[in-house]
Amino acid sequence: MTALNKSIEPGDSPDLTEERASGTFDTNAMAAVIYGSDKFAQRRREISEAISKIPELADSAPLPFLDRFGKVTEGSRKLSVILENIDKLIDPSSYEEGLHLYTEVMGMEGHPLALHEVMFIPALIAQASDEQQVKWLGRARRREIIGCYAQTEMGHGSNLRALETTATYSPETQEFILHSPTITSLKWWPGALGKSANWAVVVANLIIRDKNYGPHPFMVQLRDEDSHEPLPGITVGDIGPKMAFNGGDNGFLGFRNYRIPREYLLNRHAKVEADGRYVKPPHAKINHSAMIRVRSHMATGQGALLAHALVIAVRYSAVRRQGYLEDKSREVKVLDYQTQQHRLFPSIARAYAFIFCGFETIRLYDQLLIDVQNGNTSGMADLHALTSGLKSVVTYQTGEGIEQARMACGGHGYSMASYISEIYGVAIGGCTYEGENMVMLLQLGRYLVKSIEMIQNGKSRELGPMVAYLAENESEIDLNLGPNEYLKVFEYAARNQTWRATEKFQKLRNSGMSNEKAWNQASVELTRASRLHTRLYIMSTFINHVGSIVDQKVKGVLIDLLNVHVTYEVMDIGIYVQGLLSSNQMDLIRNQLYVSLETIRPNAVSLVDSFQISDMQLRSVLGRRDGNVYENLFKWAKSSPLNKTDVLPSVTQYLKPMMEKSKL
Ligand SMILES: CCCCCCCCCC/C=C\C/C=C/C(=O)SCCNC(=O)CCNC(=O)[C@H](O)C(C)(C)COP(=O)(O)OP(=O)(O)OC[C@H]1O[C@@H](n2cnc3c(N)ncnc32)[C@H](O)[C@@H]1OP(=O)(O)O
Ligand SMILES: Cc1cc2nc3c(=O)[nH]c(=O)nc-3n(C[C@H](O)[C@H](O)[C@H](O)COP(=O)(O)OP(=O)(O)OC[C@H]3O[C@@H](n4cnc5c(N)ncnc54)[C@H](O)[C@@H]3O)c2cc1C
């Protein structure tokens, strides 16, 4: 049975039952808030139920016991079972239902269709012309072909202008000739490229009559559709094991004068005519749309990863007993320690905040896609700046939160039985992919500097709503702090830091330094401004979202969680608000934080239960819904391949002779 309201079932650990009984709200109602609607939350439960009825969809062994080859094979096996049963499991036309199905069955370690769904199809939707979509989109959606997104090269990922792969137009044959001129030009990292994909959207420099028009997306067939062998002129393979995602085949790819037809340039926005005439796109960065899309989805994606770790750590902390508080007759649940609450509860608040914030950026991206299809690219710069900052802050804070969750589980957190290290490895990949965090914070930094320059030039009224606060002035704050006063505190911090960083940059530049050098010397301060600005945005969307909730019990507990969030976040940026808040006010906020931790305590398990992540999806012995951790930990250890025999061949071959020899 998957998660029910309060989720209490016979055989559950009494400790978790006690926690669920103390919850003040309906976890199904909270799930409806988390997943955007009651209907979708309900569908998730139904899909999980349907999955549990098909035993072949379960992992054939705990994934941590599989080697790389086993993980890749297991992913393909489960994928084929999914596809055989797809109509019984989901509405195949629903992207969200598909995502839930894949997340639950395939897990987070990567699989052959991950990039197909997340980047390849979206790149075709955003960048292929109607004619090209007729040719490829249906085939991709039916999974007749498997695609990936091949942009990054061994030598360059961040600086796209320095990519080396070329696509040279030949007007005589009306073809592009793809070529990898150096080792560093090999495509390197794209997910599913190594062994699974037979097609790719390849980003290469478009060259027409010796002129470089910069990176453009091309549709490229990599492998024969019957034999799956690489086509002549293509060198492709797997880049080897990684920190996580080892069920995935991130790959390398090289071209040796490989020809594709002129019609294979994805030409919704930029075109090359038969005679080699280039038709410019309406915006120089329009080819980056697949990246903007993923960045827009990353806040919810990372919020979900943080949620996984918190479900594990909070449930486990309610069954783990160690040490004493007042009652010396029974050891206390470690969740009752203030330090444990301080370690975990602000992260619960962040997970909720990231998910709510992601709703907003996904909505903004969907709107942008419509606008761009209608020729209006005016929203691109704003969304680029917003999502650049957001992906950087949420990935970093998610990593921090997951690592704290691991430590909060003590020794067992370090075991793969907790599965937290896998979640950590997957999540912090996000600090790097879709734009390295520092690089992306500096993209937002450019936008903030431009906003300050507008204010300096008397154009404050032209500022967008997200940066309007930069032109305001706040020097005092009410002692009676509520969420909106905390927003003001954050605005103060972000505004001061943005002005300070911009003025530093301008001063250096005005002293005669080059623009680039001045930028570099102000860059740490600029990234600080970007982080504060982004954290302000997260806080403000959290406050707005909670304000819109109808169910009063759900709203009540989310207000409690919001109190944890605002007090924790302000304490965390104390250094930036010293000019605004007195030490008395800081003490007051600190005390409010401690009170809010106590207020949340009875709802902690219900708050993580509300994510409704099934045991199958969680893959964690420590985080089991029933809380029966210890007997299952022992079972898990016994299932280790090392325990198949009592005496290992390595002992017979090496250790025994060594010990025998020592006896002589
Ligand atoms: C859908 C479900 C999702 C679920 C969750 C996600 C789970 C995903 C799991 C999959 C795992 C991994 C997938 C990973 C995939 C990848 O990593 S794909 C490769 C990604 N690569 C990058 O992100 C590269 C980073 N670099 C860049 O993006 C750009 O090079 C960079 C923005 C840093 C700079 O670009 P330049 O072209 O050099 O531009 P620059 O000169 O600096 O700026 C000029 C000007 O243009 C503005 N600009 C830049 N980009 C954009 C844009 N996209 N839109 C609008 N405007 C843009 C820039 O701000 C400048 O403006 P200004 O006015 O002149 O200041
Ligand atoms: C798990 C994973 C999956 C991926 N999947 C894909 C995929 O499907 N398709 C694909 O094309 N790519 C993929 N990538 C590649 C990824 O997008 C790049 O690794 C990423 O964009 C970072 O680029 P880089 O590796 O060149 O880092 P680098 O730019 O080399 O970063 C190294 C350091 O230099 C710093 N730095 C670089 N430029 C600047 C600057 N201008 N100012 C200040 N500091 C700077 C960075 O901050 C960082 O500290 C994936 C990567 C990972 C880890």
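Cβ coordinates are placed from backbone N, Cα and C, and glycine is handled just like the others.
Because TrEMBL annotations are produced automatically, they should be read as predictions rather than curated entries.
Here's what TrEMBL has on this protein:
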| type | residues | note |
| --- | --- | --- |
| ACT_SITE | GLU434 | active site, proton acceptor |
| BINDING | THR152, GLY191 | FAD binding site |
| DOMAIN | 26-146 | domain 'Acyl-coenzyme A oxidase N-terminal' |
| DOMAIN | 289-449 | domain 'Acyl-CoA oxidase C-alpha1' |
| DOMAIN | 483-660 | domain 'Acyl-CoA oxidase C-terminal' |
| REGION | 1-22 | region 'Disordered' |
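Feature map: TrEMBL annotations on the structure.
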residue : record                       : contacts (Cβ under 8 Å, 6+ apart)
THR152  : FAD binding site             : LYS187, TRP188, TRP189, PRO190
GLY191  : FAD binding site             : GLY110, ALA114, LEU115, CYS148, TYR149, PHE245, GLY248, ASP249, ASN250
GLU434  : active site, proton acceptor : MET291, VAL294, ARG295, MET298, LYS391, MET440
Residue distribution over DSSP helix, strand and coil in the domain 'Acyl-coenzyme A oxidase N-terminal' (26-146): 89 helix, 0 strand, 32 coil
